[in-house]
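Asks: One structure, as structure tokens, below. Some questions next.
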Amino acid sequence: MEDAQKAIKLEPSWPKGFYRKGEIEFKAGHYNKALLSYKQALTLDPADDGIIAAISKTNKEIAKDKKDAVRKPLVYTCLGFAVGIFIVAADQFIAVKPSIPHSILQVLLVLSCGGVGFMISKVHRYLVVSQRESLLEEPIDLLKEMDNTSKSNDSTSSSVPLDKSKPIKRKTQKGKA
């Protein structure tokens, strides 16, 4: 992403920089941002077939993503209902004495299983969107953070400066190691 940003900064009239930025955003799942980058590249070079194909591919992915956002909760909810119905049917027909004798409780069990399926789909969607958002974020520089904390620990841990040229003498008692 940094290379694409540098290319755009150095030569804003070069469509390849915007195209590369769009490719990175597309691969990270940021389809709307990718579409904007591709359209910016298309305004700079309207005759490029690669950019037009990329815009078409991005539009298809946006439509597919929207369909999945609508379809998956329905599918997961239906699967939850199916599991609930299976549990109730198994309880009624396989068990000698049914554990859930009242039909209201049976309906509540089926509805609760459907609700669990719906919640699973929403959590799944949240995790997918959250992961996509984090793909373009700059990673935390742990080594820099560790260096900063070790320097602050060194300065606060001892008030007497250590002279590294002199060896440290250790006191030992006879008979003990």
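Cβ atoms are placed via backbone N, Cα and C, with glycine included.
Sharing the features that TrEMBL gives for it:
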| type | residues | note |
| --- | --- | --- |
| COMPBIAS | 149-159 | compositional bias 'Low complexity' |
| COMPBIAS | 167-177 | compositional bias 'Basic residues' |
| REGION | 146-177 | region 'Disordered' |
| REPEAT | 15-48 | repeat 'TPR' |
| TRANSMEM | 74-94 | transmembrane segment |
| TRANSMEM | 100-120 | transmembrane segment |
Asks: Report the DSSP secondary-structure composition of the repeat 'TPR' (15-48) as helix, strand and coil residue counts.
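Replies: Helix/strand/coil tally for the repeat 'TPR' (15-48): 27 helix, 0 strand, 7 coil.
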Asks: Average the pLDDT scores across the repeat 'TPR' (15-48) and report the rounded value.
Replies: 85
